[in-house]
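A.B. asks: If you scroll down you'll find the structure; I have some questions about it.
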Amino acid sequence: MILFRKFRVLILMVFLIACSMHIMIDLLPKLERRSSSACSCSHTPSEDPQNWAKHRAKPGSESGWPNKHTLRILQDFSNEPNSNLSSHSLEKITVGERSEALKRFEQLTGDEKRHTARDSALKNAAVMGSRLSALFEHPLYTRPLPPLIDEDTLFNVNTDIRFDPKAAENPEWNGEGKDGDYAPTGEMSSDSYPNWLRFHIGINRYELYSRHNPVIDAMLKDLVSQRITSVAMKSGGTQLKLIMTFQNYGQALFKPMKQTREQETPPDFFYFSDFERHNAEIAAYHLDRILDFRRVPPVTGRLVNMTKEIRDVTRDKKLWRTFFISPANNICFYGECSYYCSTEHALCGKPDQIEGSLAAFLPDLALAKRRTWRNPWRRSYHKRKKAEWEVDPDYCEEVKQTPPYDSGTRLLDIMDMTIFDFLMGNMDRHHYETFEKFGNETFIIHLDNGRGFGKHSHDELSILVPLSQCCRLRSTHLRLQLLAKEEFRLSALMEESLQTDTLSPILIRPHLEAMDRRLRLVLQVLADCIEKEGYSNVVEDDLGHRLIRRPRRLL
């Protein structure tokens, strides 16, 4: 009996010691925060990696991480180059002599240098005038669309119908207020719909958006400024992408920064294992506008707080579990995907801020079905095998006899997409999509451009094979000639257009110069085609009418 009582006392003592240790572990971060707050250091809250948990969630909330878990994940690590910079390495700049200021500029971080370059570039653009405005005023960029009928619009909207939040099962649907929040309203007209919804309503048979649609700029501002309410990983795909939902119920696809702007794709990388770059998505949208295609969904850059705007708002447990603190005291996560989703390839902030691209969502497939087509010039996606078009010089003749490429504008759209991809250096165009409502008489949607702008020192001529084999193009040829002129110049137009993005500069100078070089190569291929087959047999005259209305066979 005495031994049994001693055993019970021993068990009780062990239990009390364990409880005391747990309490001490829980109180330790609070004591550290108190001591750091009492310090006279000049660090801001966002710069203090030890306080990252304080910014995530309120104590006791289900989304907050337990401190024990936080201590355990400190043992994780990351080999991401972006994580090597700690917030404590940032230096403040003081006012001094001109020579000292030059030395300090060399000591600036990459982000500060980009902001300085962006401000100076904007000032220079204001002095020199806008090439972009002059381009959009050119007759080739002012051709009106034919009158739209109900069959030509993706959605038929009755402007007399009022929007009823209760009918949409959204009792908290709100109209935009002065302070940026949304207050409940009873009825809404189509003019007061959120910008993302107005973008969807404006899609038609010929374009995703019109040339000077103010809704697009307003929607891009929403993507940058709207509060993120939820985040989830996108299923499918080889690399990590996040679906972000905003306070106005709009959604966008977020691709986080994986490479710096100066990094090139390693020469030993296959095209199907290359990184997807956030700045390539942004630049592709601007290039698409300059080429007057308007087939890329609007994209903008945003600096995201990984703690407040991703970890705290996600309900995706698989994503939530991959967050950790790197040895450099930066917040990191890696999610789940086929490639590059591991601790060794984690995405790390500085210390919790990360760049990314936000591409506006197209209408839900339940409302506007899209059809996926296999690209006739799809690559083999194999380390040794080649695709048929790579070994058969007459491959285009077979394509011309195959629907939907035997009539209408589909083959010409493929040629446009070929030039678009070559200017970016994008080899990853295996499929494309169209809106099912418009059948075969509509444009190609240029989705997923993240593998562009990987190599500025190399021009992949195999991307131009469809153009050299088919020798067909619409009035895109005239616009390309215009962009090659000195008074416009593609690189200068891209530089000016990209300055409007929050993360500007988006592309470094070598990538801009590479586009000018590649444009000359495209024009040379077309010149060879014209010399061989004649101008009228190569360049399709679509200035006087729309081929979509009067399709003809392309044999």
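Any Cβ shown, glycine's included, is placed from N, Cα and C.
Sharing the record's features from TrEMBL:
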TRANSMEM  7-25  transmembrane segment
REGION    38-65  region 'Disordered'
REGION    166-186  region 'Disordered'
COMPBIAS  166-181  compositional bias 'Basic and acidic residues'
BINDING   Gln239, Lys255, Glu276, Ala359, Ala360, Phe361, Leu362, Glu433, Asp448  ATP binding site
BINDING   Glu276, Asp448  Mn(2+) binding site
DOMAIN    323-539  domain 'FAM20 C-terminal'
ACT_SITE  Asp428  active site
A.B. asks: Let's check the environment of Leu362 (ATP binding site): how many other CB atoms sit within 10 Å of its CB?
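C.D. replies: If we count other Cβ atoms within 10 Å of Leu362 (ATP binding site), we arrive at 21.
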A.B. asks: Could you state the CA-to-CA distance between Leu362 (ATP binding site) and Asp428 (active site) to the nearest Å?
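C.D. replies: Between the alpha carbons of Leu362 (ATP binding site) and Asp428 (active site) there are 21 Å.
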A.B. asks: Would you work out the biggest C-alpha to C-alpha distance among Gln239, Lys255, Glu276, Ala359, Ala360, Phe361, Leu362, Glu433, Asp448, the residues that bind ATP according to the record, and give it in angstrom as a whole number?
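C.D. replies: Max span of the ATP binding residues, Cα based, is 20 Å.
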A.B. asks: Report the mean pLDDT of the predicted model across the domain 'FAM20 C-terminal' (323-539), rounded to a whole number.
C.D. replies: 95
A.B. asks: Any idea what the Cα distance is from Asp448 (ATP binding site) over to Asp428 (active site), rounded to a whole Å?
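C.D. replies: Cα-Cα distance, Asp448 (ATP binding site) to Asp428 (active site): 9 Å.
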A.B. asks: Where Gln239 (ATP binding site) and the residue listed as 'active site' are concerned, what is their Cα separation in Å, rounded?
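C.D. replies: Their Cα atoms are separated by 14 Å.
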A.B. asks: Looking only at Cβ atoms, how many others are within 10 Å of the one on Asp448 (ATP binding site)?
C.D. replies: 23
A.B. asks: Within 10 Å of each Cβ, count the other Cβ atoms and name the one among the recorded positions Glu276, Asp428 with the highest count.
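C.D. replies: Of Glu276, Asp428, the one with the most crowded Cβ is Glu276.
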